[in-house]
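First up is the structure itself, then whatever we jot down about it.
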Amino acid sequence: EEAVFLRKKITLLRAFSLLIGSMVGSGIFISPTGVLKNSGSVGFSLVVWFACGLLSMFGALCYAELGTRITKSGGHYIYILETLGPLPSFLFLWAEFFAIRPANSAVVSLAFGRYMLEPFFTPCAAPVPAVKLVSLLGYYMVLTLNSWSVTWSARLQTALSIVKLLALALIIVPGMMLLAQGHTENFHDAFDRQSLVLDKLPLAFYAGMFAYSGWFQTSFVREELVKPERNIPLAVIVSVITVIVGYMLTNVAYYTVLGKQDVLASPAVAVSFVQRAFKSLISVVPVLVGLSCFGTMNGGIFTFSRTLFVASREGQWPPLFSMIHIRKHTPLPAVMLMFPLVTAMVCIGDIYHLMNFFSFSRWLFIGLATLGLIVHRHRHPELQSPFKVPLFVPVSFTIICLFTVAMSFYSDPVNISIGCTVVLSGFPVYYLIIHRQMLSRCRSPFYYLTHKLQILLEVVPQEIKTY
């Protein structure tokens, strides 16, 4: 009885909550170990954290301009498609679906399971099977909610963003109180050059950038944003600055209470911090951190489903995934598609290996997307964007991304080679299936299966709209 399409339900507050909720997740609570391990010293790790924040701001500003120039949803995928063409965009989609997104979701899910079980097993470590079971239950809950309602997913994200900021505050405040009392012994000889290993720095940046990742999330839901030309830049700038300040203070608090060896030995830095500094909250903070990870899972499912939705609409993914539930107005098939791969990675994966595995592919394509901004400016000088960043911002961000990707081959050749192989495996698929189908515009061989699934899931193509 009513038109079926994705409604504009993401206000400025919800856009801000989506960004905060996606950035402040498991990263700040597990990445300090990876950053410190690969940077070598407390001082250099803080430099890496600040540099990652600055780099994230550069990337976020580039994506804010792309979001005002290109009016479709889809994030990295649609920006690469519109600026560099269908082949690199399909390679991104291929790597994102089979490597980047399931590995990222598995990392966040495992962190959720670990922190939610921590109060029940302290001082012992939670059993690994129990952690994985709780991780999967949390992921399936978020999957169900996103299939059910866009509005309630957005409301949950707003509520959990407040929880995330509260969790950071409970770490920052006692840490700053101890620092003010003169507890600076862990900062002596902070810049120990003997422990610095330059070829490991890309892995330190990967761990830090993982903690900041999420600054691009509004670009995935561009068509569902209210007043996107105004709200995208505003939400991006405010949220990234908030997170940079919060992360720097959180890391200073960690190092005030925990020594270098304590951070390196801790599988859950936030829990070790509370055990040492604030024992009265020993059961509260892990739960808050777990809820923080829950919010990141929610944001990830919410946004990536839109990438599959747009890719299907552009003819590079099966047509079923561009369909919307007739009553709920959610992209139900796109939301549900990820759960088998995430389930498999949670069952077999380890957090830090998964992090290096997907970081290579992610930063390669983010660098290509910002390269696309430079190309788009050159091709369309007549286009007056309502938000424009200085040229050195996309140039420097692109160079740093691609240089870090290249350096990572020396730092972790095994995991990076696996990630590279996943990307390259998309070439034959593109030329044998996608490119041929787009040229011939033939009906999909899975047409009848799609039709049956459409009836079963109660989904239909969206109303034709001009974007």
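Cβ atoms are placed via backbone N, Cα and C, with glycine included.
Per TrEMBL, the features are:
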type	residues	note
TRANSMEM	12-30	transmembrane segment
TRANSMEM	42-64	transmembrane segment
TRANSMEM	76-100	transmembrane segment
TRANSMEM	120-142	transmembrane segment
TRANSMEM	162-183	transmembrane segment
TRANSMEM	203-221	transmembrane segment
TRANSMEM	233-257	transmembrane segment
TRANSMEM	277-297	transmembrane segment
TRANSMEM	332-354	transmembrane segment
TRANSMEM	360-377	transmembrane segment
TRANSMEM	389-410	transmembrane segment
TRANSMEM	416-434	transmembrane segment
Range from 120-142, 233-257, 416-434 with the greatest count of C-beta pairs under 8 A to the transmembrane segment (389-410): 416-434
Interface check, the transmembrane segment (360-377) with the transmembrane segment (416-434), three or more C-beta pairs under 8 A: yes
Chain residues in Cβ proximity to the transmembrane segment (416-434) (below 8 Å; excluding those fewer than six residues from its ends, i.e. six or more beyond): 86-87, 90-91, 93-95, 98-99, 315-316, 356-361, 364, 408-409
Region pair the transmembrane segment (42-64) / the transmembrane segment (233-257), three or more CB pairs under 8 Å: yes
Maximum Cβ pairs under 8 Å to the transmembrane segment (203-221) - stretch from the list 12-30, 120-142, 162-183, 233-257: 12-30
Top partner of the transmembrane segment (162-183) among 12-30, 76-100, 120-142, 233-257 - counted as Cβ pairs under 8 Å: 233-257
Recorded stretches the transmembrane segment (233-257) and the transmembrane segment (76-100) touching, at least 3 CB pairs under 8 Å: no
Outside the transmembrane segment (12-30), six or more residues from its ends: residues with CB under 8 Å to it: 107-108, 111-112, 115, 154, 157-158, 160-161, 164-165, 167-168, 210-215, 217-218, 221, 225-227, 230-232, 234-236, 238-240, 242-243, 246-247, 250, 267-270, 289, 292-293, 295-300, 302-303, 351
